[in-house]
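A.B. asks: For CYS51, CYS55, CYS58, the entry in Swiss-Prot reads [4Fe-4S] cluster binding site. Taken from Swiss-Prot, the feature [2Fe-2S] cluster binding site applies to CYS95, CYS126, CYS186, ARG258. Summarising the annotation, Swiss-Prot assigns domain 'Radical SAM core' to 36-263.
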Amino acid sequence: MRHDWTRDEVEALISLPFPELMYRAQTLHRRYFDPTKVQISTLLSIKTGGCPEDCAYCPQSALHEKSVKAERLMAVESVIKEARAAKKAGAGRFCMGAAWRTPKDHDLDTVCEMIEGVKSLGLETCVTLGMLDAQQTERLKKAGLDYYNHNLDTSEEFYGSIISTRTYQQRLDTLSNVRDAGINVCCGGIVGMGEDLSDRAGLLMTLANLPKHPESVPINLLVRVEGTPLGEAEAVDPITFVRIIATARIMMPESHVRLAAGRENMTDEAHALCFLAGANSIFCGEKLLTTPNPAEHRDRQLLSALGMSPMVQSEAEMGTMRPAVTEDAVCEMAVS
């Protein structure tokens, strides 16, 4: 795997003629994954609103003109009930998100109980709780956490235009703490916040140049929420979004590339192109934290129409190169 990408290389990949880009992405995808399988996760907001951060895209910030109502941390029993329903609906991983800058000790105790309870159902677990230090990641690891989500959101250069209450380096430090604790990393970003080609390339470059590629790479299409600073941001055309998915697949061929927020406004045809470009993971359920997501029956119908099906637990690990394919062949495909 490469960890030495340059911005120029990534910009060149994104800008390839569309048929060539899709060919390279699909070819690499098939070398590591079954292209007919999709990893299914469900995301639940366990603590909504009242966040002290000022992320320009997020309605959970207490600093914006319009914010969602702040709620208390959910009870463990209520979370387990939601996890049971998610498993019944076909999810293999249950993700829990809390609108915190960083969790307090007593809240982390409760989250650890949630992790243990969800794990007992036979589901993988993922949480996103804000910034973590080494001690906090060790506690989560001890509770059995499988994945921790902490997105970079955008390039380091554009980051200051979106967030001022947390530095880019603080995000990287949290990722390092998560990795050092032996927890799988879930890390991606958002397309459509006013960034340019260089910023999109910079985000993918940073992700792919981490010491180890994230096991899961969620790519979000901005959901424009009224009352947030990005509520009237210019929409991104579907082909541009598909190009980012394809480039992420080429640069991080072993990772699960997830279609995250923004799917509610995507057509079936756009979904199909994303899957062809190498996306192999989605969030299932009618809401992602506070924003809408396609209804479960719509996802089932779409996957059925495409001849695709959910991954089983054993298939949901990082991709493994098929024996007939050499590492040199993969690198040549990525850069030629």
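Here the Cβ of each residue, glycine as well, is placed from N, Cα and C on the backbone.
Could you place these features in context, so I can see how deep they sit and what lies close by?
C.D. replies: The Cβ of CYS55 ([4Fe-4S] cluster binding site) has SER61, ASP153, ILE162, ILE163 as same-chain neighbours under 8 Å, each 6 or more residues away in sequence.
In the three-state DSSP reading, CYS95 ([2Fe-2S] cluster binding site) counts as strand.
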A.B. asks: Express the distance between the Cα positions of CYS51 ([4Fe-4S] cluster binding site) and ARG258 ([2Fe-2S] cluster binding site) as a whole number of Å.
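C.D. replies: CYS51 ([4Fe-4S] cluster binding site) to ARG258 ([2Fe-2S] cluster binding site), Cα-Cα distance: 25 Å.
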A.B. asks: Hey, what's the Cβ neighbour count for CYS126 ([2Fe-2S] cluster binding site) at 10 Å?
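C.D. replies: That number is 24.
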A.B. asks: To see if you understand the setup: which same-chain residues, six or more apart in sequence, place their Cβ under 8 Å from that of ARG258 ([2Fe-2S] cluster binding site)?
C.D. replies: GLN39, SER41, GLY188, SER216, VAL217, PRO218, ILE219, ALA279, ASN280, SER281, ILE282, PHE283
A.B. asks: For CYS126 ([2Fe-2S] cluster binding site), what is the secondary structure by DSSP, using just helix, strand and coil?
C.D. replies: strand
